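Peer 1: Just lifted these from TrEMBL, have a look:
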SIGNAL    1-23  signal peptide
DOMAIN    39-164  domain 'C-type lectin'
Amino acid sequence: MAPTWTPGLWLLGCLLLVPALWGQDLSELSDCSPGWVPVSGGCLGFFPWELSWNRAEAFCRRFGSRTHLASVHSEEELQAVADLLFSRSGDASEEELDEEVWIGLHRPLRSRSWQWSDGTAVAYNSWHRASFTRRRACAALQDATDFTTWEAEACSDRKPFICKSLS
């Protein structure tokens, strides 16, 4: 018996073949929401609204139980975050981003240890300088270092923020 042709298989083949023909790496195809960018293990979304750290974390959580303020686990991931921030600030529809941006690193009340809001381990850090004061228990990426280092800030400060959805 000869193989039968089915439109579903033909369409699936086209969806896989067309990006390859245009030179697009199939790994670039993602399940990220519009405006979010794929990174290793998830998607990043930048939000220019200025919120306190706690409100920014609560906003990120609206996207699902696996979405928090962004955690950063490597230099490559930090560069992806910085690239996203530069791409958003370079957009003619947005003002230039010239301030700190909240990430998910924080020191819970009565704790001496920093942790990521998504519960992942703190195995990588990029502190700008030692700034571990009692009143500064939340971390923000520093615009002065092109968003490649972070510094402890007062959690009540209002800043733009970046969310990360874990896959």
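Keep in mind that glycine also has a Cβ here, set from the backbone N, Cα and C atoms.
Each of the listed features needs to be described in terms of its position in the shown structure.
Peer 2: Secondary structure of the domain 'C-type lectin' (39-164), assigned with DSSP and counted as helix (H, G, I), strand (E, B) and coil, comes to 27 helix, 37 strand, 62 coil.
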Peer 1: Mean pLDDT across the domain 'C-type lectin' (39-164), rounded to an integer, is what?
Peer 2: 89
